[in-house]
Amino acid sequence: MAKILSLFIMVTSILAFAPILCLSSKTNYYGYLYPQFYDWSCPNAKEIVESVVAKAVAREARMAASLLRLHFHDCFVKGCDASLLLDSSGTIISEKLSNTNRNSARGFEVIDEIKSALEMECPQTVSCADILALAARDSTVLAGGPSWEVPLGRRDSRDASISGSNNNIPAPNNTFNTILTKFNLKGLDLVDLVALSGSHTIGNARCTSFKQRLYNQSGNNLPDYTLDQSYAAQLSTMCPKFGGDQNLFFLDYVTPTKFDNNYYKNLLASRGLLNSDQILVTKNQATLELVKLYAENNEIFFEHFAKSMVKMGNISPLTGYKGEIRKNCRYMN
């Protein structure tokens, strides 16, 4: 009887410490994401990421939008696995060369800086995929937006998909149905579409991404009738019919570096910069009602945006023994 009691106590003790053993590991044995993943293996991870991001955004306010966009463009390809960060090497063709990222995606040096700092603190422990998720949250907060707990425990992919980057990421000139389908295929719904589009409250877009709206929206050499004419005239001074493709424009011209609901107010005034923005008002009644709601209530927008970011960050993460923890985000180990 004494032996049985002793064995029971021993097993109970092991089970009591099991969560701690898992939390202290570099491998996600649970198979799902949770905010405390690095509490034992790298307790200062979140603070390190936040510190580097804060310095980068202080140097250049635009960087907040750039880092937020990296997380989007990573998750929509084949899940949140940091495939976007891989440079071309061997059999890998980098997603940075895709139509959606070439001459557009930026902030990779900031991710490198974060990774270097983390490798000094906790070697080969914090994944590049988790860095992207944390940097997106911190960037949003620094720009005045909402905060949320970031589930962690993603691992990094050993491959990239330039075709996935070209085809899966919603593009500025996609139709409403195409964009909604791309969201649905990733497990995201109509609310996620409208809420996450609100990330365009900060950042810039190139002339080439909306030029057709000014000069040839429907292939008839006429401008987009859903675009406010005075706003169109203003845009055309720096986005001519020929040339100027790389010229930058604020996505939200009212408060371009502040994360707020002015983006939605601009849409209701027919002053959305991208076609993919304005169609939220012109092509679907349900998205129009959500745009009106967010334009009226910044608090609800923030709440929905935070929930949708967590949902997006959960798209097909690599966990357990899948993938790896890269030492350098640009290359496989």
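Please read every residue number as a count from 1 along the shown chain.
Backbone N, Cα and C define each Cβ position, glycine as well.
Taken from TrEMBL, the feature signal peptide applies to 1-16.
Residues or ranges marked as domain 'Plant heme peroxidase family profile' by TrEMBL: 32-333.
Annotation comment: TrEMBL describes C42-C122 (among others) as disulfide bond. Neighbour count (other Cβ atoms within 10 Å of the Cβ, all protein chains): 18 for C42 (disulfide bond).
Positions annotated as site 'Transition state stabilizer' by TrEMBL: R69.
Cβ neighbours of H73 (active site, proton acceptor) (same chain, under 8 Å, six or more residues apart in sequence): L84, E95, T100, N101, A105, S165, I169. Per TrEMBL, the feature active site, proton acceptor maps to H73.
Under the heading Ca(2+) 1 binding site, TrEMBL lists D74, V77, G79, D81, S83, E95.
For C75-C80 (among others), the entry in TrEMBL reads disulfide bond. In sequence order, H71, D74, A129, L132, A133, R154, M312, G313, N314, I315, S316, P317 are the residues near C80 (disulfide bond), counting only same-chain partners six or more apart with C-beta under 8 A.
Annotated disulfide bond per TrEMBL: C128-C329 (among others), in sequence order. Taking the Cβ of C128 (disulfide bond) as centre and 10 Å as the limit, one finds 29 other Cβ atoms among all the protein chains shown.
The substrate binding site annotation in TrEMBL covers P170.
What TrEMBL records for H200 is heme b binding site.
Of all Cβ atoms in the protein chains displayed, 28 besides its own lie within 10 Å of the Cβ of D252 (Ca(2+) 2 binding site). The annotation Ca(2+) 2 binding site is assigned in TrEMBL to T201, D252, T255, D260.
The annotation disulfide bond is assigned in TrEMBL to C207-C239 (among others). On its own chain, C239 (disulfide bond) has C207, F210, K211, L214, N247, F249 as residues at least 6 apart in sequence with a Cβ closer than 8 Å to its own Cβ.
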Review point. Can you name the binding-site residues among V77, P170, T201 whose CA is within 10 A of the CA of C329 (disulfide bond)?
Key: none
Revision key, fill the gap. Densest Cβ environment (other Cβ within 10 Å) across the disulfide-bonded residues C75, C122, C207, C329 belongs to C75
**Study point:** Spatial separation of P170 (substrate binding site) from C122 (disulfide bond) - C-alpha basis, Å
**Key:** 36
Check your understanding: In the structure shown, which of the binding-site residues S83, T201, T255 has the fewest other Cβ atoms within 10 Å?
Key -> T255
**Study point:** Pairwise CA distance, D81 (Ca(2+) 1 binding site) versus C75 (disulfide bond), rounded so that it is a whole Å
**Key:** 7
